[in-house]
Amino acid sequence: MLEEKYMELALKLAQKGNGWTNPNPMVGAVIVKNGRIIGQGYHEKYGQLHAERNALSSCSESAEGATMYVTLEPCCHYGKTPPCTEAIIENKIKKVVIGSTDPNELVAGKGIKQLEEAGIEVVVGMMKEQCDALNHIFFNYIKEKKPFVAMKYAMTLDGKIATYSGKSKWITSEEAREHVHGLRHQYMGIMVGIGTVLKDNPMLDCRLPNTKNPIRIICDTTLQIPMESQLVQTAKEIVTYVATASSDTEKIKQLEEANCKVLNVHIKDGHINLQNLIERLGAEKIDSILLEGGGMLNYAALESGLVDHVYCYIAPKLFGGAQAVSPVEGLGVENPDQAFLLENQKITSLGQDVLLEFDVKRGE
């Protein structure tokens, strides 16, 4: 079906905004007139013009009487940019074909209604499944008001993320590590526990060209983070949150002077209450988090029901050792029927390594 080819192109265009538009959705638009594409565009960066306006401004001729294919319902409200419905009506587009409806209460069918009231034919639901999948993080954030959380770890074939001495560089190949940096670009935030900071002194940045760094979030119950750590030293360049239950006003002042954002959160069983932290981060408009912590943080996040997705990189190596570190530690479950269940498996080869992806199965 020729019309679907235009929506496929709109989807490809939308994906160019991956990592740049958060917490806004990725959107692509294609304008067709007399069987020819006369304009196309996508939402390039948060705060900048939306896909529909970019497509209209790129038109090689008048868009009057043309059809627009757009992956998401056009907005109809004033935000950082003016409403797209206004531009569509002004340019006398005849027909608009939409992939997904926008769940944002500011839009949610109002964009469609506004177009129809202006006499524009509207078709909704073309390639809906693909368009919905494109913006699953955005949809989750709008619905739940909290970030989509993906747990990521790399392990050997015998399930170890470090040797018995704690060494982990490097388990996976360069191809797998490059893929991880791609995830750091796509996700809005990256979270680790203080143990990872003290052990590795990481930067938690993205080292691929033409990418952005994620917001860094450190779970540090008692404010052990060293002022000389790379994370604190670079907090003026990369947004850095320190979540704590400590009331050490002097250390908090030092961190804030170093440009760290300190979040005082509730405590649970002697550790940071992750549920409370995730809610706070949602209020900070962080729509997605890549969890790159150790086994204890991973277990705490799973136990709290906060993990939505899992990225498991497996290297063709064996470490052995009863004391070697596992990806999910903590107390664990007592019986097999209490296991955290995963579904929707996806397998990708990355050089000599394998990436397994799963969604975390929710209770019925």
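Keep in mind that glycine also has a Cβ here, set from the backbone N, Cα and C atoms.
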Site co-member for NADP(+) according to TrEMBL, given Ala154, Thr196, Asp200, Thr221, Gly294, Gly295, Met296, Leu297, Asn298, Tyr299, Ala300, out of Trp20, Trp170: Trp170
Recorded Zn(2+) site member, picked from Cys59, Cys75, that accompanies His50, Cys84 in TrEMBL: Cys75
Residue among Glu73, Glu86, Glu292 sharing the substrate site, where TrEMBL lists Ser168, Arg184, Leu204, Arg207 as binders: Glu292
Secondary structure at Thr221 (NADP(+) binding site), reduced by DSSP to three states: coil
Other CB atoms, at most 10 A from the CB of His50 (Zn(2+) binding site): 27
Greatest C-beta neighbour count within 10 angstroms, which of the recorded positions Glu52, Ala154, Arg207, Glu292, Tyr299: Glu52
Candidates Glu52, Thr196, Thr221 (recorded positions) - the one closest to Glu292 (substrate binding site) by CA: Thr196
